[in-house]
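Here the structure comes first, spelled out in structure tokens, and everything after it is commentary.
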Amino acid sequence: DYQLPTADLLTQLAPTDQTKEFKGLTDKSRLVHDTLQSFGVEAEVTSVSLGPTVTQYELKPGQGVKVNRIANLSDDLALALAAKSIRIEAPIPGKPYVGIEVPNDTQATVGFRDMIENAPFDDNPLNVPLGRDVTGNIIMADLSAMPHLLIAGSTGSGKSVGLNGIIVSILLRAKPNEVKLMMVDPKVVELSIYNGIPHLLTPVVSEPRKAAKSLQKVVDEMENRYKLLAQFGKRNIGEYNAAVEKQNAEAKETDQPIMQPMPYIVAIVDEFADLMSTVGNEIEVSIARLGAKARAAGIHMILATQRPDVKVINGTIKSNIPGRIAFRTASGID
């Protein structure tokens, strides 16, 4: 019987001392208020949230103050706070306030083990932690609901770290009969460490032609699954697996053969731009078909690239991959 690994295998990071940041919150709140007032904008700082990398100041605009007046003062606020840049969220989603996010001088490291140990997991092995928000709450992402994910970020932005975090999170919570992985790694060195794990459908693929064939095999598996779903009169993998579980429970009492549930399949493609430049025509059709139809069959994609421009992510692919994670990119357009 397969034993799931525990979080004890992960490194425990020491907490970052943000005492200096905490002590300066009152002075900075007053500075935000005074700066806005000097430009004739009445607003009250109602609360402050010290996050790992940024601090958010919640502002309640005065009567008759237009939100865009605050947004237009971003450069002046950054100058007053001696910040390289600030971000103004107007309004904060779900709140009648304007948020001003200021980078912390002392930024705390968000440890992966800490997230894994404290994340609000459920029974879904594809529900993974991504990080912490400005208030320190863990941000969860359900790959099965996305249902596909595009990760973009230039060299050194943390794209590979984020991708590995998602993979390890799945491996910590899913048995090989629950989730299968198909990995494509043109760089050879990034995902090859996962060779040998029982979750892999095939060894990690690095050669472009083989990558195109592997993606076509995933498409073929999707079509076979749809035939099976139609045969049993089920609409998606969830309904099918629930029916299998019920039938197996009855089969134990009647000595009937046991049916195997469908595992989820996650196809992970790193450096997607490299594949598009070499075998683009071959993989584009497979990616488009998976993007449009694979969700109900329990098949999901994660595409990672340094350059998310139209030559790499065309309109067809973009429209079928609604989930996006953006690290630092080469340009604002990306």
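Just so you know, glycine gets a Cβ as well, placed from its N, Cα and C.
Caution: TrEMBL annotation is automatic and unverified by curators.
Residues or ranges marked as domain 'FtsK' in TrEMBL: 136-334.
What TrEMBL records for GLY153, SER154, THR155, GLY156, SER157, GLY158, LYS159, SER160 is ATP binding site. Taking Cβ-Cβ distances under 8 Å and a sequence gap of 6 or more within the same chain, the neighbours of GLY158 (ATP binding site) are PHE327, ARG328.
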Cβ neighbours within the same chain of SER154 (ATP binding site) - under 8 Å, at least six residues apart: GLN306, PHE327, ARG328, THR329, ALA330
All-chain count of other Cβ atoms within 10 Å of GLY156 (ATP binding site): 9
Neighbour tally for GLY153 (ATP binding site), based on other Cβ positions within 10 Å of its Cβ: 23
Residues within 8 Å of the GLY153, SER154, THR155, GLY156, SER157, GLY158, LYS159, SER160 Cβ centre (excluding the ATP site residues themselves): VAL161, GLN306, PHE327, ARG328
Collapsed DSSP category at GLY153 (ATP binding site): coil
